[in-house]
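Noted in TrEMBL for the protein shown:
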type	residues	note
ACT_SITE	Arg193	active site
ACT_SITE	Lys218	active site
ACT_SITE	His277	active site
ACT_SITE	Arg280	active site
ACT_SITE	His303	active site
ACT_SITE	Tyr312	active site, O-(3'-phospho-DNA)-tyrosine intermediate
DOMAIN	43-136	domain 'Core-binding (CB)'
DOMAIN	158-325	domain 'Tyr recombinase'
Amino acid sequence: MLDCKLAIIVDRESRRRQYQLPILKWCSALTSIPRPDSSIEEKSLAEAAYEFLAILEAVGLSEKTVKSYKAALQDFISHVGGTIKVKDVGYAHVASWISHRMKHGFKHEARREGSSSEEARRRRQATLHYYTLFLRKFLVWCGKKPETIPVVKRPPRGSIDTLSEREIAMLMRVARDLLDVLLVALLYETGMRAKELLSLRVKDVNLDTGEVVVRYGKYGKQRTVFLGVLSRRALEVAITGKSLNDRVINLTYNALYKRLKRLAKRAGLEMLGVRPHVLRHTFATEALRRGMSIIALQKILGHADIKTTQVYMHLLKEDVRREYEKVFVHFTTGYEAERERHPSGDNESSSQQLYCYHCGARLLKGARYCHSCGERVVGEESVLEVAKASG
């Protein structure tokens, strides 16, 4: 059996719990893979990879997981050559592959307009992080020692792309049919992943309660999400006449992705990189903004670890400003109102008038406590004096 710890990042500084959890899930699924005999070392790398992938399918790993392993192994083999024998593969081959990909990128790497070279490098590093984990699993299965297979450190998480409410409305306005509306509404109002959305059956939808059962969540977990007003209305029309086992949205992922890209282009939002997961990010960020608890959001999003959900607790600059004004608006408005009523220079006594630093109320001469908020007046300090001193 393979040791689950082998798939975790080598660099101890990067072993954070939120990064380990998905890897541990993959590892637990791989422990049932039978080890090959010693003859595997004499086989070519391509033959060994084919055998390994066939076993992954045989033990019941998901199609998506097998595809991820296949992509990593194919990319490595394209660099070192498929005819090289397993026994001859070593650290130098893996290091050369990593270096080449970090410098030149991947063959089918998406070119995003407006993205910096630093962002491109971060994406390459993130891809190589998982690719090297998968490659290590394969080579350890072939009999290699784990310490001889380098693993790329996962990069710090980049900024999370989200859309504003106005941009969501722009997507809705350029929708040409019910399917366009349904896609945007469900992804934005439920926070489902693309795979979960495309796996949805009519029997999973309860329009009476406004609930949807997600039966094929990540790692096979089932959960319930809730319908918004728009998605509920669109679903009422979309599932009419369908049988219980029919898919709600009969699209492939590529077709879904292309539809969203066309919508974004018609709305003039093509530069924002609109894709299914951006709408999920938007749902999560907006939910927190409107007061949803982090625990409730974790359950709706289907996160196994709450640390993953906490990523969405970033506040935009406008949010920070609003939070600041909630706390200090009573102080600012109180002070400004009194200053307008008693402008400096109108008379001699106005410049000596004191105001409460806490609530902005006008203080009685010689008062030790504010008659409005009850806070203690510290010495002769006042908002006016503080303002003059700072000026």
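Heads up, the Cβ atoms here are built off N, Cα and C, so glycines get one too.
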Please report how many Å separate the Cα atom of Arg280 (active site) from that of Arg193 (active site), as a whole number.
7
Can you count the other CB atoms that lie within 10 A of the CB of Lys218 (active site)?
18
Reported as an integer number of Å, what is the Cα distance between His303 (active site) and Lys218 (active site)?
9
Need this for a regression test: active-site residues Lys218, His277, Tyr312, filtered to those with Cα within 10 Å of Arg193 (active site). What's left?
Lys218, His277
Rounded Cα separation (Å) that holds between Tyr312 (active site, O-(3'-phospho-DNA)-tyrosine intermediate) and His277 (active site):
13
Based on Cβ atoms within 10 Å, give me the single least packed residue among the active-site residues Arg193, His277, Arg280, His303.
His277
Mean of the pLDDT scores, which run from 0 to 100, over the domain 'Tyr recombinase' (158-325):
89
Per DSSP, how many helix, strand and coil residues does the domain 'Core-binding (CB)' (43-136) have?
69 helix, 2 strand, 23 coil
Which three-state DSSP class does Arg193 (active site) fall into?
coil
Conformational class of Arg280 (active site) under the three-state DSSP mapping:
helix
Tell me, how many other CB atoms lie within 10 A of the CB of Tyr312 (active site, O-(3'-phospho-DNA)-tyrosine intermediate), whichever protein chain they belong to?
22
Return only the integer: C-alpha distance in Å from Lys218 (active site) to His277 (active site).
14
